[in-house]
Amino acid sequence: MENRNTFSWVKEQITRSISVSIMIYVITRTSISNAYPIFAQQGYENPREATGRIVCANCHLASKPVDIEVPQAVLPDTVFEAVLRIPYDMQLKQVLANGKKGGLNVGAVLILPEGFELAPPDRISPELKEKIGNLAFQSYRPDKKNILVIGPVPGKKYSEIVFPILSPDPATKKDAHFLKYPIYVGGNRGRGQIYPDGSKSNNTVYNATSTGIVRKILRKEKGGYEISIVDASDGRQVIDIIPPGPELLVSEGESIKIDQPLTSNPNVGGFGQGDAEIVLQDPLRVQGLLFFFASVILAQVFLVLKKKQFEKVQLYEMNF
């Protein structure tokens, strides 16, 4: 009888442990996936809209600058650098998901021409690997190798992101041609203000959803506020929930209007996009150009020599 009770107790403890482990996994997995800006991939087939706007701007509402640097021209089947700079004040702190302050992270999307893709590891030189650091790039879609995403990564370490890119070879890829191509890039620093499902993050300003008087402000145990607003005309009460993070701007007894800010705007980051152009250069065209320059130089040399020879003949005839 005692053995049976012991077995039941052990079975109960194992079942409880498994349940707790599953709950922790689900919660952790959700928080991690929601922390990445690239989870917007699930909602957009292409990160660049027909208007030219990159969809990251739908969640990162503030506008900030970025800078993209690529070579003017590259040869086929060549590895080159695309350098993205995301400047911001390193002293700034952002509001984290738990309402505390922390450093800013950065993320980026690089939209290359068809045929261009991330360089394989065996084609990357040691010098370039050192510039890249520990960054792990991935394709926006398995069938869109020309669109690369990265982030979030610590902004203090990676405010400059180096992408190793492999140019296509028209001899093996029929879709590639020796032309001038556009390159588009988007980069953000800091967390977004809106999640892909349309809900607000705690990194944005919260406005009143009704006109009336602030009847009560309840500070929640884990941070944030519940603000009770009573409409003076009909007595209707509305409760606005403020998550931890933004600073409260109103007080009890204050009259407010609909859409009036209840909090400050804690966002210190933002998103920016830019573009550049790159030429996929034909090696035969380069060789032809070099041959032309060499021909011009040789022609100039022969012309000078011929002129000197003619002057000598003239001088000789004058002496006679």
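The first residue you see is number 1, and the count goes up from there.
Cβ from N, Cα, C; glycine included.
Here Swiss-Prot flags Tyr36, Cys56, Cys59, His60 as heme binding site. A C-beta separation below 8 Å, combined with a sequence spacing of at least six in one chain, links His60 (heme binding site) to Asn188, Gly190, Gly192, Gln193, Gly269, Gly270, Phe271. His60 (heme binding site) falls within neither a helix nor a strand when secondary structure is assigned with DSSP, and so counts as coil.
Residues or ranges marked as signal peptide by Swiss-Prot on the basis of sequence analysis: 1-35.
Look at Swiss-Prot and you will find 286-306 tagged as transmembrane segment.
All chains included, 24 other C-beta atoms sit within 10 angstroms of the C-beta of Cys56 (heme binding site).
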